[in-house]
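In Swiss-Prot this protein carries:
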COMPBIAS  1-11  compositional bias 'Polar residues'
MOD_RES   S2  N-acetylserine
COMPBIAS  101-115  compositional bias 'Polar residues'
DOMAIN    164-445  domain 'Protein kinase'
BINDING   I170, G171, K172, G173, S174, Y175, G176, V177, V178, K193  ATP binding site
REGION    203-225  region 'RP domain'
REGION    471-476  region 'Autoinhibitory domain'
REGION    474-499  region 'Calmodulin-binding'
COMPBIAS  520-535  compositional bias 'Basic and acidic residues'
COMPBIAS  569-579  compositional bias 'Pro residues'
Amino acid sequence: MSSCVSSQPTSDRAAPQDELGSGGVSRESQKPCEALRGLSSLSIHLGMESFIVVTECEPGRGVDLSLARDQPLEADGQELPLDASEPESRSLLSGGKMSLQERSQGGPASSSSLDMNGRCICPSLSYSPASSPQSSPRMPRRPTVESHHVSITGLQDCVQLNQYTLKDEIGKGSYGVVKLAYNENDNTYYAMKVLSKKKLIRQAGFPRRPPPRGTRPAPGGCIQPRGPIEQVYQEIAILKKLDHPNVVKLVEVLDDPNEDHLYMVFELVNQGPVMEVPTLKPLSEDQARFYFQDLIKGIEYLHYQKIIHRDIKPSNLLVGEDGHIKIADFGVSNEFKGSDALLSNTVGTPAFMAPESLSETRKIFSGKALDVWAMGVTLYCFVFGQCPFMDERIMCLHSKIKSQALEFPDQPDIAEDLKDLITRMLDKNPESRIVVPEIKLHPWVTRHGAEPLPSEDENCTLVEVTEEEVENSVKHIPSLATVILVKTMIRKRSFGNPFEGSRREERSLSAPGNLLTKKPTREWEPLSEPKEARQRRQPPGPRASPCGGGGSALVKGGPCVESCGAPAPGSPPRTPPQQPEEAMEPE
């Protein structure tokens, strides 16, 4: 699919503060998309190649950039390049890297102060209660919309996709891009994730269509690795059911077998990631506690729904308009049965991986413990602005995660309670590592009982994602050939193959198996008639049939036709068959 993006270079987009921050999306900076001229010449393919995802927009400030950030981080916190041949480009709507302190000088608990210095994408939009992140998880969720057809229209400066107008590119990942999308029906901005199906399969090394969607447990309870297509459908099936203030919402999925992309529409969490790593301006302890409490409630909800996120990191924690965190990017998440997930594959961001997932001897490990480790690394990043284990070489990074002792920098000076919590979360032994219920009661988290977290019953409402829902997470319209075939069968009142010859066969209802079909006979021939009698009834005329015997036959795919004269005197009248009833073997 061709789309229109800003003509301004990526490196220049972070400079002017008022171009996008206060004036909304600059349409003057856009130019007509040259690729739109070729939309009419696109060939139609029945196979799917791309995906698009759309999320609900919270009008306000900032941009949700992490929806497309599925790139891993280096040990120093920088993102690893996906492809050396591709230039490092990231379309940002905000000017430069902004820490959360720069966004919220008034303290973490004040949502109004958090919005004072935020970057405004759409200042002219009115506040929409439907997009408010303050909605309770107990409230009935608006169901995710599944569109069976995608209509793409090329406009002068943008692309119209059903009711969505695609605007600037606000993020970029390894499998697609994230675009700002405006919904004409509800006057709301969303984040539309556009995924290329061909690129998903090509980068994963699949030469042809992968196995059916969904993750199936292997013997022993561990989860088998999934291909990228299966991961996308798993993410869709999971997100369709989740409804929590600290989890990003999936609004709509657009998919057409004749299109090359899948479109996922998410809510636009407008202030973007909680922080950039590394940063020279980490969060204060009060700010870190405020966001970490949100993270605990979100992870508890996911584990309650039997979901392991597997990629918790600051760039996947988005700040909403009320200043609270929403967990995003479920691309590598796993479902489990029972009390915990038993995992065997290694996915996620290298600097946030647990040591047991990197072990050469341990084959199966706990999924909940992986999320707790990543939460500990994230909390470390909150207060120190960097990861606890860093190295430019991936193998050295793995070695440090597995064997190097945890150390705390001298500055900034943090409380002993916080050091104790981080140390217990980054315990290299998953069996002795602290668990989420214990984290909720830790003195640093609750400020020694002054700020208790809600109970599990108050925070969680169980939803179930069945295997059938994973298989049917995105429904597709039937192809034109299938529609024509069904209409032909209805018109002929027959549900046999309408393109095969109308060869009639009689069936014996009492015969089993292959004996159900009896050899057809000509209606005008007796069942038992001497050969001499049949020869006497042979009409006069040239016998030009090379097939042997009278009548017509199919030899090597073509009919063998005889010239028929008048019946012989005294012979019974002959009723020729209307069509070939039986293919006779050639002599």
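From the backbone N, Cα and C atoms, a Cβ is placed for every residue, glycine too.
The structure displayed is predicted, hence computed values, not measured ones.
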PLDDT averaged over the residues of the region 'Autoinhibitory domain' (471-476): 61
Neighbour tally for I170 (ATP binding site), based on other Cβ positions within 10 Å of its Cβ: 29
For G176 (ATP binding site), the three-state class that DSSP assigns: strand
For K172 (ATP binding site), the number of other Cβ atoms found within 10 Å of its own Cβ: 19
Local Cβ density at G176 (ATP binding site) - other Cβ atoms counted within 10 Å: 28
Conformational class of I170 (ATP binding site) under the three-state DSSP mapping: strand
